[in-house]
Amino acid sequence: MNDIWWQTYGEGNCHLVLLHGWGLNAEVWHCIREELGSHFTLHLIDLPGYGRSTGFGAMTLEEMTAQVAKNAPDQAIWLGWSLGGLVASQMALIHPERVQALVTVASSPCFSAREGWPGIKPEVLAGFQQQLSDDFERTVERFLALQTLGTETARQDARTLKSVVLAQSMPDVEVLNGGLEILKTVDLREPLKSVNMPFLRLYGYLDGLVPRKIAPLLDTLWPHSTSQIIVKAAHAPFISHPAAFCQALAALKSSL
């Protein structure tokens, strides 16, 4: 079996595993790497099939998490952005003893809209899957543009995300489809009631993919977790608001 690409950076006395979102790779953290590296030892990963972690096909959430867990430190804060938030959450469910704290960023335990639950309409996700096979690069570009929509630095942020994608070879369509399937079908709302490590959820007020309306719903469902909404951010708050993002993580570390 192939190994996933993994880089350690920084010299902080606390390990922080960073998991990127759909279609991207670990270069997405470049803008905050220096700042976070002074507080943490960072573990930068390309998820299986993405970036430099080549040779993997489509995976289920469980398979992806098991692959990442193989190389992970014994104890770390696990932070996942968007799709990566589901991987970090799954890690907290299957290996709670290895997760010092769980952080999800612009992520949802259930990305798909359901009755009484805001999210992405299932037909929109299905449409993305269809479009992937028709016009692969255009579809990824559209998805990236959606992530920064509404922020004061939207164009610049979208360019940053696009440069991250272009920095590595594009994931296979099969891998991207598998990621969309996870976003379309996974629902961790009930399972995550049982986690008892510190749990921080960060949202962007302007996020068009993960509606801020889920924050109060999850405050009620998971009273053991805390949420923070970054006011002028969209789906990539660590790019548009790096200072607020890094401050939230430094505060979490000092509370452990």
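A Cβ is built for glycine as well, from the same backbone N, Cα and C atoms used for every other residue.
The model shown is predicted, which means the values in this text are computed figures rather than measured ones.
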Residue from Trp5, Trp6, Trp22 that Swiss-Prot also lists as binding substrate with Ser82, Leu83, Phe143, Leu144, Ala145, Leu146, Gln147, His235: Trp22
Chain-internal residues near Trp22 (substrate binding site), provided their CB is under 8 angstroms and they sit 6+ positions away: Ser82, Leu83, Phe143, Leu176, Gly179, Leu180, Leu183
Number of other Cβ atoms within 10 Å of the Cβ of Asp207 (active site) across all protein chains: 27
Residues Trp22, Ser82, Leu83, Phe143, Leu144, Ala145, Leu146, Gln147, His235 binding substrate per the record - widest CA separation, whole Å: 16
